[in-house]
Amino acid sequence: MCNLLNIEKDPIRVLITGAAGNIGYAIAPMIARGIMLGPDQPMILHLLDIEPASSSLEAVKMELQDSAFPLLKGVIATTNVVEACKDVNIVIMIGGFPRIAGMERKDVMSKNVVIYKAQASALERYASDDCKVLVVANPANTNALILKEFAPSIPEENITCLTRLDHNRALAQLADKLSVPVSSVKNVIVWGNHSSTQYPDTNHATVSTKTGDRPLKELVTDHNWLKNEFIVEVQQRGAAVLRARKQSSAFSAAGAACDHIRDWFLGTPKGTWVSMGVCSDGSYGIPPGLVYSFPVICEKGSWKIVQGLSIDEFSREKMDDSARELAEEKDLAYSCLNV
């Protein structure tokens with residue numbers, strides 16, 4: 001008799017752009033091992049990068065094949081954006097133009113606008129109807145906004161950007177401060193832009209103790225640290241890694257992207273929220289149309305902004321500062337498009 005438990009799921013097609021880079025190299029085996037979609041979900045990986053990186057891209061494909069991952073049912077490595085986007089279900093957009101010393105913000109923005117406009121158009125035409133997108137490449141929030149503009153058939157709730165790395169950094173800093181496992185800390189919030197204006201908010205965070213969950217602020221009594229050093233440490237952590245390593249964060253970013261997609265698809269634990277960059281609906285006074293990081297809960301492939309949280313005056317100011325920066329980025333991006 002057929003054992004229904006042994007029926008294999010259909011493979012999910014996952015596109016990684018910028019797949020030959022450091023983050024792409026880190027995330028591909030994580031996905032293939034089942035870290036992102038679970039231990040029973042097969043996948044076919046689509047790897048996209050630019051022509052000058054084609055040799056490195058082929059090497060990533062070879063290493064994936066050589067690893068003999070049971071869940072990996074195929075690898076497509078290409079520099080052709082149409083081939084890369086064909087029938088994909090999940091897109092992780094790591095490819096972008098990094099800011100180089102001496103470049104003006106508008107120069108960087110204009111280059112990324114061109115990249116994301118082209119890739120959005122390809123996804124619009126060739127991706128699966130239920131395609132879900134995570135933008136990692138900076139400026140992540142505004143790149144996601146451009147994607148939304150030029151892929152109008154993709155529901156806006158299916159276009160997100162990565163602030164989970166900032167969220168994870170905040171959890172780690174708090175756990176270190178309290179000398180507890182990072183898994184004991186939950187429900188921090190990263191509001192706003194994935195930039196130095198992001199606001200890591202601890203007002204609603206809790207810590208698991210032997211007697212149950214307790215408000216973090218009862219345990220971290222140095223509230224001055226929470227309002228100053230902690231915030232700056234999270235905001236500047238990426239720059240600190242860059243200074244120390246001479247390269248930007250790679251496997252921590254890859255791991256955060258896996259966390260983001262896993263929770264989106266498989267759901268957040270009951271009573272726990274995470275931070276995701278999503279299209280604002282006006283919640284918490286954030287202007288609609290911006291891609292802004294909110295606290296969300298996820299279930300069955302959908303996310304929902306956590307509502308009803310109290311916002312103090314300090315938080316309001318920080319949240320609005322980041323919203324203003326995102327509005328400026330939006331205007332700058334649209335000026336590059338002449339929209």
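A Cβ is built for glycine as well, from the same backbone N, Cα and C atoms used for every other residue.
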> Out of Asn80, Asn89, Asn138, which is the one Swiss-Prot records at the NAD(+) site of Asn22, Ile23, Asp49, Gly96, Gln119?
Replying inline: Asn138
>> With Arg105, Asn138, Arg169, His194 listed by Swiss-Prot as oxaloacetate-binding, which of these, Ser249, Ser280, Ser283, Ser302, is given for the same site?
In response: Ser249
>> Let me make sure I understand the structure: which of the binding-site residues listed (Arg105, Arg169, His194) has the fewest other Cβ atoms within 10 A of its Cβ?
In response: Arg105
> Between Arg105 (oxaloacetate binding site) and Asp49 (NAD(+) binding site), what is the CA-CA distance rounded to a whole number of Å?
Replying inline: 23
> If we check Cα distances from His194 (oxaloacetate binding site), which of the binding-site residues Asn22, Ile23, Asp49, Gln119, Asn138 wins as closest?
Replying inline: Asn138
